[in-house]
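Q: When I checked TrEMBL for this same protein, it listed these features:
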type	residues	note
DOMAIN	10-453	domain 'Major facilitator superfamily (MFS) profile'
TRANSMEM	12-36	transmembrane segment
TRANSMEM	83-104	transmembrane segment
TRANSMEM	111-130	transmembrane segment
TRANSMEM	136-157	transmembrane segment
TRANSMEM	169-191	transmembrane segment
TRANSMEM	197-220	transmembrane segment
TRANSMEM	261-283	transmembrane segment
TRANSMEM	303-325	transmembrane segment
TRANSMEM	337-355	transmembrane segment
TRANSMEM	361-383	transmembrane segment
TRANSMEM	395-419	transmembrane segment
TRANSMEM	425-448	transmembrane segment
Amino acid sequence: PRLCSTRYRVALVTHFANFILMAHSCAINITMVAMVNSTEPQPQLNSSTEGLPDDLLGGPPEVSQKLPAKAPVYDWSPQTQGILFSSAQYGMVLLQAPAGFLAGRVGTRKVVGVAVLGSSLLTLCIPLAAHFGLALLIAARVMQGLGTGYGGQFALWQRWAPPHERSTLCGISLTGMILGIFTVTLMGGIISQALGWPFVFYIFGGLGCVCCFLWFICIYDDPGSHPRISIPEREYILSALDHQVSSEKQSFPAKAMLRSLPLWSICFCSFCHQCLVNMFVMYTPTYISFVYKVNIRDNGLLSSLPFLVAWFVGILGGQMADFLLAKNFRLVTVRKIATVLGNLLPSVLIVALPYVSSSYITTITFLTLSCGLAPFCQAGIYINILDIAPRFASFLMGASRGLAHMAAVLVPIVCGLLLTQDPEFGWRNIFFLLFAVNLLGLVSYLIFGRADVQEWAKEKKLTRL
């Protein structure tokens, strides 16, 4: 049975590893509200908070905004905050492709396991780094990004996921990132108010060490090396993937990859979608604080709600994709439907946010839906490379994720500049820019996207004389 199978247990452990890695990366997004003197130096976008419940505000402003005296506070400008948000992404951009290549050579088990351990130790050191200066904090964040093993994990599904279960297994695995954002945003606000923001890093860093131990116990690179998998399941997976096994003796088709329009359309659309996703991840707490002036505990509650919805959608999106495939939908059609749902609808909803800011309920609803629908793309562009080039999926998915993560570097820099110049119109300009970028990426994918194995990715049969 699927839910009792080893491959689903592997997906759940990978889910937890992604949870930890993303929680480490995003912890600073919610603690930033407590780490700085103010995240909204200019007047709020709309002074009306009509419809905002009194109990949500947590009491009078002078009471609700109090934080533990032991937590240090820093005077960082929006540009500085943007640099801190993006600093971890520099490492991710540089090492996504190498991590994917390395995982294909030495195994996902080692690459991701070491990444989780390194990220956990660096997370524990973040408060100390902040104490000794901004430069050391940025360096720690960059090193944290270098240790993130997202690119290496896709080699796992190259060997563990049967084609007709690929969307579901990858969906379970990747939604761990969303659950990590939800948990660290929700608990980060509560922990920051109760104990001080440094404890957010201590607690999640400690959980990462536990996850690393669990990872090395439960994860193996392929069904053949797993000591506890049943023989029928091992034979089932190996037979399903038999035609996709990579041959080490064949050349690497670099030129053909660079000329592949389907591959470039996936990379470009992924980059555009990551611009939207990173805005949600990095700036949801800041936007809510800017508009409604809530305390950090309630900010964490409101900011985490969209990611809870996104977690459910991410899992259901994979199930939906496999269901449509079972109903004989074409694979390329399923991938494009999922991408449209995760790209176009969130872009339309987010561009309307500045016009509904006077209504608390409408704003939170639009924000929740726009963020919540975005994970549909996990069953679309983000696993499409497994369809078009399964033999080179580890490297190519790492490379495409690396290019997409360039958005995580650019978004905070651009947002910081726009918000510094004019916060009121800055948010509006950000949302319109995101809409335009995502529309461009979606159109390119709809035109050039494919789901059949490309000629350069097919295994060449050698003839014997």
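Glycine is no exception: its Cβ is also placed from the backbone N, Cα and C atoms.
What TrEMBL says about a protein is an automatic prediction, not a curated fact.
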Q: Could you give the residue numbers and ranges of same-chain residues that sit at least 6 residues beyond the transmembrane segment (395-419) on either side and whose C-beta is under 8 angstroms from one of its C-beta atoms?
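A: Here the qualifying positions are 78-79, 81-83, 85-86, 88-90, 92-101, 103-104, 150-152, 154, 257, 263, 266-267, 270-275, 277-279, 282-283, 385-386, 389, 426-427, 429-430, 433.
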Q: Short question: which residues 6 or more past the ends of the transmembrane segment (111-130) have a Cβ under 8 Å from it?
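A: Non-local partners: 14, 17, 20-21, 24-25, 27-28, 35, 72, 74, 99, 102-103, 136-137, 139-141, 143-144, 147-149, 152-153, 156, 197-198, 201-202, 204-209, 211-212, 215-216, 219.
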Q: Just to confirm my parser: what is the rounded mean pLDDT across the domain 'Major facilitator superfamily (MFS) profile' (10-453)?
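A: So the average pLDDT across the domain 'Major facilitator superfamily (MFS) profile' (10-453) works out to 85.
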Q: Rank 12-36, 303-325, 337-355, 361-383, 425-448 by Cβ pairs under 8 Å to the transmembrane segment (261-283) and hand me the top one.
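A: Highest pair count goes to 425-448.
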Q: Please give the sequence-distant neighbours of the transmembrane segment (12-36): residues at least 6 beyond its ends with Cβ less than 8 Å from one of its Cβ atoms.
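A: Apart from its flanks, the transmembrane segment (12-36) reaches 67, 71-76, 81, 84-85, 88, 112, 115-116, 119-120, 122-123, 126, 130, 141, 144-145, 148-150, 153, 156, 172-181, 183-185, 188-189, 192-193, 196-197, 200-201, 204-205, 207-208, 211, 214-215, 218-219, 281-286, 289, 296, 299-300, 303.
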Q: Given pairs 6 or more apart, does the transmembrane segment (337-355) have at least three Cβ pairs under 8 Å with the transmembrane segment (425-448)?
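A: Yes; at least 3 Cβ pairs under 8 Å.
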Q: Counting Cβ pairs under 8 Å that sit 6 or more residues apart, are there three or more between the transmembrane segment (361-383) and the transmembrane segment (169-191)?
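A: They do touch: at least three Cβ pairs between the two stretches lie under 8 Å.
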